[in-house]
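Trainee: Here it is: the structure, laid out below.
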Amino acid sequence: MMNDVYQASILESDCVSLIELVRALDAQKIAGVSCGQAHSLAVNEQGQVFAWGAGEGGQLGLGTAEEAVHVPRLIKKLCEHRISQVMCGNQHCIALSKDGQLFVWGENSSGQLGLGKGEPSTLSPQTLKSLCGIPLAQISAGGDHSFALSLSGAVFGWGKNSAGQLGLNDEQDRAVPCHIKFLRSQKVVYISCGEEHTAALTKEGGLFTFGNGSRGQLGHDSTRNEPLPRRVMELMGTEVSQIACGRHHTLAFVPSTGLVYAFGCNTQGQLGTGLRGNAKSPLPVRNVQPLCIGNTHTSERYTIRKIHSGGDHNFLLLSTKEGSSCPEDFRIMNTIKSIALINSESLDSWRMKLHDNSDSSITNDILLLFSSTACWNASFLDQSDDGHFKTNPKVPGIDFNAVRLLFETLMKPAFARLLDQATKSFESLLIPQLTCSPPDVEAMRIYLILSECPALQDSKNYISLTIPLAMAILRLDANPSKVLDNWWSLMDCEFFSRLVEMYKSIVVFLLTGGKALLMPVFLESYTSAALRLLEKLHKVNLKAHRVEYNHFYIPDIATLVDIQEDYLKWFLRKADIKMRYPPVQGSVTLCAYPFILNAQAKTTVLQTDAELQMQMAVSGANLHNVFMLLTMEPLLARNPFLVLHVRRNHLVSDALRELTVYNDVDLKKPLKVIFDGEEAVDAGGVTKEFFLLLLKELIDPIYGMFTQYSESNLLWFSDKVKETFCLNFAITREYYGITEVKELVQGGKTIAVDKTNRKEFVQAYLQYVFSDAVQEQYSAFSSGFLKVCGGEILSLFQPSELMAMVVGNNNYNWEEMEKNASYKGEFSASHPTVKMFWEVFHEFPLEKKKQFLLFLTGSDRIPIHGMASLRIVIQSTAAEEHYLPVAHTCYNMLDMPCYQTKETLRHRLTQAVEQYEGFSLV
């Protein structure tokens, strides 16, 4: 071999014709070597790298451009890392460390270092950050191009591409790593590079080649260049386990037959086929099955263990057939050369090392691996049915059982020191280095893996770990953020629920104790991060339905913040109005994240909004009246209230007549109802009864405005027609005695309903009944409703929450109502009449109790805030026993004489409850 620049580390000759020992490395146990055009690298078992030979292009990584280095020298810049693989190109090198970092150095004229366009050649190793976080399995270098392969089969190439050797379907050089998407689904497990061609081996034993084919080195029975990876068809049906590329030729080993196939350039006889000339298709190498070495009597039979290829030559590493060494299989991961995995075995090993030795270098090694996103991403691959090879924007390729088992082990007391090292690594190194734009989906597994760590659920780690992780997630660019959303949407409900609970707990933690621990600017930032992450999870849940929407509620939110003040701050911000004296809470408003507010909190928000709008309407009227007084036109004064004069017997028509005289602004004013001929002043109770009576009439079938469905007891707008089913995509309806057929789809009369289209029929039917047929009625209702209750405030509510707020609930707790009752006058909880009252009340059947609730409060339903919010007052009167109890629904107050007997009280109370309509002054 040539030794003109000491690439063989032999001083005496420019050419070496016999195998010589590199004396300078006698003390080293070498784990791997690689040769370039005129330089060499060797890596020992400790992961140290030695270089010698030509160095004018910086390919030795020694920091200087020496013409030749004749004795192997240690690359000091790599000493902080344990290198597991080294590869040499013509004048450049790449190295992979155990913690998953990729280092490059040397010539960069064609972008073969992958550092970016215009970056100069480098004399010392530089980290290739563009592949940071990807769990790499292997690296390879060609003449002036480079490749990296991930554990899950993602192939990345960069550098010279003059013949399409990068497999990107063009011939343009690449200065940064590019993903060869065509190979993603092929389960590639090994890459080998020639001068201007590349070969890829798949897990099933298939061989793909691409790049320069001028000498037949691609094996496609042609001399064309191939810019896209193409399967070597001549080897279809065989299972290749090893490949090796020379400068312009390729070798492939088939273990089932023990044959080595060669194709490409044969000018120096490098194909070993016994034939002259190049080979465009794979041909078997002669005399290698099995090999007999020695004379007839003493010859031993050898089998091939490993194939190697140089520029224009090859080597076969042999072993005796009777020996224990089987042929190597490049498709099986070599643990010595792979990046470190974090698993139970490694935890046990590290724990013992920490126990036996307190050397800081051991601690640093552990910290380095715990802080490696690549190692974490490599450690929990889904091996079932090669699941991790299917990693894509919708499949993370993670074995979550393995993740949970590892963290369970790490949380055991025996591993306390190791857990401390892990949390320190997460805090100071791993989480801060998470980028906003991960290079590949495989680099994103870390976000799911860290979320499984129980340490993040510990409140002492909220500030240092859990919130920084949320911030890292929120920094993600649009595409990787969408990938994480997809993965979350496919996670099991337990994982998703745990993630939601964790960040809900952080919000509570910050709102309760955050002010004492943090400066306001940090408190606001951390609270915002937790809420925004919950918002991201909530959006995912809207599509994926991982948990019920009320799982996002923070139950005690109303006790943690002033909901009314929070809403006011949110309202003013939406209106772009700044308060002169901003609230103490800072600029984070919970109303901006309505999904965490339960129905009770949202009701408070809606009530606050209604009061605000009413005050604005009243203020506008009062301001107008002041102006009218100043201009001496008092007759044009406006009433600050919306007053309705109605008769009980003509409730609907009178209400409609009264409303027609008011404009939209008046509808925002406080409502006061006056029943014709009744003396009561409306303090709220009259309005309650008005709505109860009005709605009772509106849903009466005589008006035909709504249709009640007996199965659900729900109402929907009526289109005033009868309907009958038929067995095609049409509905026959009767309009005032005239029958018409309404097609659900175009040509529906002729489309029969059968098993294949019944789902479409149901969808079309529902669309017609609940939308198309009642569009006019619904639009009128919606328009009117939004005039009174319009605005963004409604967007805070779930449909079921709005319904519960309007109709209340029936979660009756009569004991709680008694407990919350208060008394006036002579009455107290121990008064005999009060005791009799509660005895009588609790003896009433449910319907009678609901009647009493209607009599006292104006509604037989429980407010959305629950029974605890229903506080009734029982007041004694001086009236004689023959008087009935009187209810003040405006104040939930019951006036009751001091009845002497239980029977009298029961009789009078029953009479009052059953004759509750009407208001009068007491």
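In case you wondered, yes, glycine gets a Cβ from its N, Cα and C as well.
According to TrEMBL, the protein carries these features:
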REPEAT    47-99  repeat 'RCC1'
REPEAT    100-152  repeat 'RCC1'
REPEAT    153-204  repeat 'RCC1'
REPEAT    205-256  repeat 'RCC1'
REPEAT    258-320  repeat 'RCC1'
DOMAIN    663-922  domain 'HECT'
ACT_SITE  CYS890  active site, glycyl thioester intermediate
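Have a look at these and tell me how they're positioned relative to everything else.
Mentor: As a whole-number mean, the pLDDT of the repeat 'RCC1' (47-99) in this prediction is 95.
Residue counts of the repeat 'RCC1' (258-320) by helix, strand and coil are 0 helix, 32 strand, 31 coil (DSSP-based).
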Trainee: Counting across all protein chains present, how many other Cβ atoms fall within 10 Å of the Cβ of CYS890 (active site, glycyl thioester intermediate)?
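Mentor: So the number of other Cβ atoms within 10 Å of CYS890 (active site, glycyl thioester intermediate) is 18.
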Trainee: From the DSSP assignment alone, can you count helix, strand and coil residues within the repeat 'RCC1' (47-99)?
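Mentor: Output for the repeat 'RCC1' (47-99) reads 3 helix, 25 strand, 25 coil.
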Trainee: Within the repeat 'RCC1' (100-152), how many residues are helix, strand or coil going by DSSP?
Mentor: 3 helix, 23 strand, 27 coil
